[in-house]
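First the structure, in the form of structure tokens, and then the observations on it.
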Amino acid sequence: MVERKILLGNEAIAHGLLEAGCSMATSYPGTPASEIMATLIQLKKHHGVPCHLEWSVNEKVAVETALANSYAGRRSAAAMKQVGLNVAADPVMSAAYTGVKGGFLLIVADDPGPHSSQTEQDTRQFAMFAKLPVLDPALPSQAREWIASAYTLSEHYEIPVILRPTTRVCHARQDMAVRAFCTDVVQPVFEKDPGRWAATPKFRYRLHQQLNEKLEKISRDALWQPRLLNADALREATEPQAIKPFDKVLVTSGAVCAHAVEILRALNLWDRVPIYQVPMPYPLSEDFCSELLEAASEILVLEETQPVIEGQIRDRKKVRGRWSGHVPKEGELLPEIVENILRRFLNLSPAAPSPPPAPGRRPTLCAGCGHRAAFFAIRKVFPKGIYASDIGCYTLGLNLGAVDTVLCMGASISQAAGFYHAYRDAGQESRHVVATIGDSTFYHAGVPALINAVTQGCRFPVIILDNGTTAMTGHQPTPAAGVTADGTKVPAVSLEALAKACGVNHVSVGDPYDVTGFMELLQAAKAHCQDSENGGMAVVIARRPCLMEHSRHEGRKPRPQQPIVTEKCEGCGFCLKFFECPALIFHGENQAVTIDDNLCAGCGVCVEVCPHKAIVKPSADA
Amino acid sequence: MQQQQIAVSGLGGQGVLFVTKLLAEAALRKDLSVLVSETHGMAQRGGHVIGHLKVFTYDAHTAPCTTDALISSPLTSPLIRPGCADVLLALHQESLETHGYLLRPDGQVFCHRSPPKAPGDIDAVGLAKKLGNAVAANMVLLGYAVAQGALFCSIEDLTAVLAQTAGTRAALSLKALEAGAQAASEARMD
């Protein structure tokens with residue numbers, strides 16, 4: 001009997017890569033893509049497959065590294081989330097022109113919804129922009145199955161191929177058969193060809209022509225044509241044409257296809273409404289589009305998030321989708337939304353309305369998180385400041401009023417610089433601007449921004465919130481860890497040394513749990529920024545290891561004793577508003593706050609936060 | 001054909017994903033197929049977490065080419081539609097308001113509430129604390145639901161999976177599961 005296992009979509013993708021003989025995979029963590037690399041690391045550890053794996057410093061570096069392996073004739077992959085693709089856009093656009101030798105898979109996880117991303121951008125649209133074929137699997141098992149054929153596609157046409165799973169594929173689990181990994185090592189062979197690998201603009205024009213020719217052929221590739229899932233639905237159509245004449249038809253791709261199939265079955269329409277899955281939304285076959293337009297009277301396109309397939313079916317009269325207003329223009333196409341779109345399209349009565357889900361709790365920093373203490377100190381020392389921040393757990397500092405802007409990785413420092421210039425040029429030098437950025441984010445894209453701020457004569461403090469890991473995405477190691485993805489020891493890159501090498505003369509490190517001491521460091525940094533003689537940029541590193549990361553490695557240690565709320569507490573609410581620790585429970589004004597002993601990490605920062613000294617440390621003998 | 005849709009709801013840190021995973025593994029042991037979807041990322045930082053689980057009979061052995069799962073599998077979406085869940089396991093009473101809409105009209109709810117108020121309620125945290133760790137409340141609630149025969153699997157199925165997967169915390173989880181089952185039999189006697 002075939003052994004089966006339940007795999008997360010991202011785990012299934014990792015299996016698919018190793019089954020297909022991938023010899024190098026690179027990634028930068030980001031939800032919903034992170035578990036691809038995490039799984040590869042585990043699989044390599046247990047099965048010893050010959051594959052170089054790395055958490056790269058950012059997505060651009062990840063793509064460039066894996067691409068070289070592919071230039072040398074070996075199968076490679078670079079994995080990231082959709083906004084990571086923006087960081088990698090430069091090498092990706094160019095790689096479409098140079099093409100590849102060994103198969104190159106760019107795995108970009110999209111996040112319709114968006115559940116944990118700044119944008120709902122559709123990587124299929126990016127693929128069209130870059131002129132690269134893109135595959136849109138509907139299920140975890142499908143994502144895995146397609147990888148080997150995707151490598152064949154990539155190698156046959158010598159072109160990078162994008163695999164684009166969405167959150168509902170990445171983070172769905174499904175049972176599937178266990179298979180062996182490919183352990184054949186392809187020796188690297190890099191054939192010099194400067195006209196291609198180092199092409200100057202004149203050659204690039206020719207490469208563009210070749211790319212267009214490849215795309216034309218790929219759009220006709222038999223393996224990746226749209227496929228009719230329910231042949232029985234066309235049983236009654238008898239014309240001997242490639243696509244038989246029919247009334248209403250569904251064209252779907254990605255996870256929406258999986259929802260639509262299930263709903264058609266539930267509505268007993270499986271044998272009556274033809275449904276096509278489009279495995280490769282770009283380049284979409286011209287023949288398919290024209291035959292479909294010929295045969296069907298109405299075509300409903302269900303896809304996430306942007307009208308990529310809809311846009312390629314150029315005759316607008318028969319097509320229903322986002323442009324025609326039949327499908328919402330934004331947001332995840334949840335099954336209940338798909339059901340109602342289908343019902344309207346098929347002239348059925350609408351489903352019974354379900355009560356809207358109650359508003360959720362807002363996410364918050366963990367009890368005992370060092371970031372919370374750092375934000376509290378920052379607001380004390382820089383009241384009414386402009387707080388430019390960045391992407392990571394610490395974005396949740398916005399609950400504390402300590403985060404005013406969040407744009408994209410590394411932007412905290414460049415945006416703080418922009419605010420600094422704006423206010424200085426307007427003669428308002430006294431307005432404080434403070435940048436906060438996590439350690440991993442600083443390595444990723446903060447370094448060039450810091451160099452720029454220094455060389456543009458900016459004077460503001462950058463607080464690096466250093467919890468020693470990439471916490472939000474599942475605790476991947478940063479360059480300061482001194483170990484690679486598989487635990488091999490490598491040189492560590494020190495944040496302090498890096499900040500100094502960027503040209504910052506004032507660099508200090510402190511523990512935000514020590515609120516008083518940390519506020520002194522912030523005061524000193526503030527003084528340095530304001531010193532008209534020798535001042536300049538300042539970097540303060542708030543160093544406190546992530547509690548979750550710590551307990552992962554060291555096991556749960558006995559917690560320090562939790563603080564005690566004394567009778568002095570009058571329920572003023574200050575600690576809730578400005579500290580928002582989930583372990584502090586507010587019972588209404590004039591009522592003493594209590595501490596949830598399950599949540600309290602015993603950090604004791606609330607003792608220093610309370611303006612009435614109503615919370616005290618437990619006595620030593622207690 | 002056997003088929004069950006189960007929603008597991010709670011707050012970040014309550015072990016929603018572990019319950020979902022345990023049930024999925026139990027289904028696999030019974031040779032059932034599974035589709036699971038879960039919340040990741042930001043929502044886990046103290047916000048609401050939901051696990052969707054669908055278990056069903058589907059001969060995956062005769063159809064190992066999983067590309068065709070889309071065509072031949074009875075269920076294909078990893079998400080439960082509103083009003084389609086057979087069972088809702090709520091680790092927090094707020095979860096009823098947040099995810100109650102998933103339940104079908106005659107579906108069954110099991111909810112941690114202290115003190116218990118409605119049928120299906122159990123003070124899971126209270127019982128778990130008695131065992132030494134409030135974190136095991138998820139297992140108490142699960143044991144309670146399983147022992148009432150509401151789920152596709154038995155307490156033995158779950159124990160077998162736990163014995164293999166839970167590692168160092170298996171002992172506590174097992175005790176909590178049994179405490180939940182015990183509470184269910186006491187509830188029946190009342």
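The backbone N, Cα and C atoms fix where each Cβ goes, and this holds for glycine too.
Residue environment of A:CYS572 ([4Fe-4S] cluster 1 binding site) contains 15 other Cβ atoms, counted within 10 Å of its Cβ in all protein chains. According to TrEMBL, the feature [4Fe-4S] cluster 1 binding site maps to A:CYS569, A:CYS572, A:CYS575, A:CYS610.
The [4Fe-4S] cluster 2 binding site annotation in TrEMBL covers A:CYS581, A:CYS600, A:CYS603, A:CYS606. The local packing around A:CYS603 ([4Fe-4S] cluster 2 binding site), expressed as other Cβ atoms within 10 Å of its Cβ over all shown chains, amounts to 23.
As annotated by TrEMBL, domain '4Fe-4S ferredoxin-type' applies to A:560-589 (among others). Here the domain '4Fe-4S ferredoxin-type' (A:560-589) has Cβ contacts under 8 Å with residues 364-368, 372, 376, 379, 399-401, 595-597, 599-607, 609-618, 622 of the same chain, all six or more residues outside its ends.
Below 8 angstroms of C-beta separation, residues 366-368, 370, 372-373, 376, 512-513, 515-516, 547, 559-572, 574-576, 578-579, 581-585 of the same chain, each at least six residues beyond the ends of the domain '4Fe-4S ferredoxin-type' (A:591-621), sit close to that stretch. Residues or ranges marked as domain '4Fe-4S ferredoxin-type' in TrEMBL: A:591-621 (among others).
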Which one is closest to A:CYS569 ([4Fe-4S] cluster 1 binding site) in space, judged by CA to CA distance, out of the binding-site residues A:CYS581, A:CYS600, A:CYS603, A:CYS606?
A:CYS606
Roughly how many Å lie between the Cα atoms of A:CYS575 ([4Fe-4S] cluster 1 binding site) and A:CYS603 ([4Fe-4S] cluster 2 binding site), rounded to a whole value?
14
Beyond the site residues A:CYS569, A:CYS572, A:CYS575, A:CYS610: chain residues whose C-beta lies within 8 Å of the centroid, for [4Fe-4S] cluster 1:
A:VAL565, A:GLU570, A:GLY571, A:GLY573, A:PHE574, A:VAL593, A:VAL609, A:PRO611, A:HIS612, A:ALA614, A:ILE615
Residues within 8 Å of the A:CYS581, A:CYS600, A:CYS603, A:CYS606 Cβ centre (excluding the [4Fe-4S] cluster 2 site residues themselves):
A:ALA367, A:GLY368, A:GLN562, A:PRO563, A:PHE579, A:ALA583, A:LEU584, A:ILE595, A:ALA601, A:GLY602, A:GLY604, A:VAL605
From the Cα of A:CYS606 ([4Fe-4S] cluster 2 binding site) across to the Cα of A:CYS572 ([4Fe-4S] cluster 1 binding site), what is the distance in angstrom?
14
Out of these binding-site residues, A:CYS569, A:CYS581, A:CYS610, which one has the fewest other C-beta atoms within 10 Å of its own C-beta?
A:CYS569
Which whole-number value in Å describes the distance between the Cα atoms of A:CYS603 ([4Fe-4S] cluster 2 binding site) and A:CYS610 ([4Fe-4S] cluster 1 binding site)?
14
